[in-house]
Amino acid sequence: MLQGGRIKLKGWQQAAVAVGSAFGALMDPRRADLIAALGETTGKPAFERVLERMKNNPEGRAMLLERPPISANVGHAWDLPENTFGAAYARFMGSRNFSSDDRPPVRFMETEELAYVAMRAREVHDFWHTLFDLPTNLIGESALKVIEFRQMYLPMCLLSVIGGTARFNEKQRALFFKHYLPWATRAGMECTDLMCIYYEQHFHEDLDVVRKRWGITPAPAPPK
C-alpha cells in the first residue's frame with residue numbers, strides 16, 4: 001500500500017488487473033471504476049510522457065504545484081457571463097447533474113505526480129466535452145476518446161473506442177465512421193497540448209476566444 005491509498009502491483013498483478021478491467025468494461029461500459037483501472041494499468045508510459053510535457057510548460061508546472069480541485073471553482077463559474085468558458089462548463093455539468101467530484105480515485109500509480117496526472121486526465125474530460133461541443137451519448141463519448149487518444153496515446157482510449165463502436169447500431173456506426181471519426185482525428189491533432197492548460201484560470205474568458213487560441217474545432221452538426 002502506497003501513500004494516498006494507492007496500491008503497488010507486481011507485473012503479473014498489473015496484467016491481471018488490466019485484463020480483468022478490460023473484459024469487465026467491455027461488458028458494462030458504465031463501470032467507471034473498471035475503465036479507470038484499465039487506464040492506470042496500461043497507461044503508465046503515456047502518463048509519464050504527459051508529466052514531462054507538463055513540467056516543460058508554464059501552466060502545466062503551475063498545475064503540478066497547486067493541484068487545483070475543480071470543485072472549488074465550479075460555484076464561481078455559475079456567476080460568470082453566459083458567453084464565457086466557465087459558464088458553458090457550468091451549464092454542461094448542471095444540465096446533466098454531473099459533479100466534478102464523481103471521478104474514481106487513482107489506485108495504481110506509484111508516485112504522487114503520476115497519480116495527479118492520471119486524475120487530471122479524468123477531470124479534464126468534461127472540459128473537453130464543453131470545448132468540443134460533444135454530447136454525452138455513445139457517439140459523443142467515442143469521438144472524445146479518439147481526441148483523448150490523439151492527445152495522450154492512452155491504450156484505454158483506443159480500447160474504449162473499439163468497445164463503444166461495437167455497441168453502435170448500423171445507423172450510428174455509419175454516422176460515426178463517416179462523420180465523427182475523421183473530424184475527431186483531425187481535431188485531436190490540430191489543437192494545442194490540452195493537458196497543459198490550466199482551465200480554471202480561463203473560466204472568465206470568452207468561449208469562442210479560447211477555442212480559437214487553443215486550436216479547437218467544435219464538432220460539426222451531424223448531417224440531416
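In case you wondered, yes, glycine gets a Cβ from its N, Cα and C as well.
Curation does not apply to TrEMBL; its annotations are automatic.
If you check TrEMBL, you get these features:
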BINDING   H125, D126, H129, E141  Zn(2+) binding site
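For E141 (Zn(2+) binding site), applying a Cβ distance below 8 Å and a minimum sequence separation of six or more within one chain yields L134, S160, G164.
Taking each Cβ in turn and tallying the other Cβ atoms within 10 Å, the top scorer among the binding-site residues H125, H129 is H129.
Counting every protein chain shown, the number of other Cβ atoms lying within 10 Å of the Cβ of D126 (Zn(2+) binding site) is 22.
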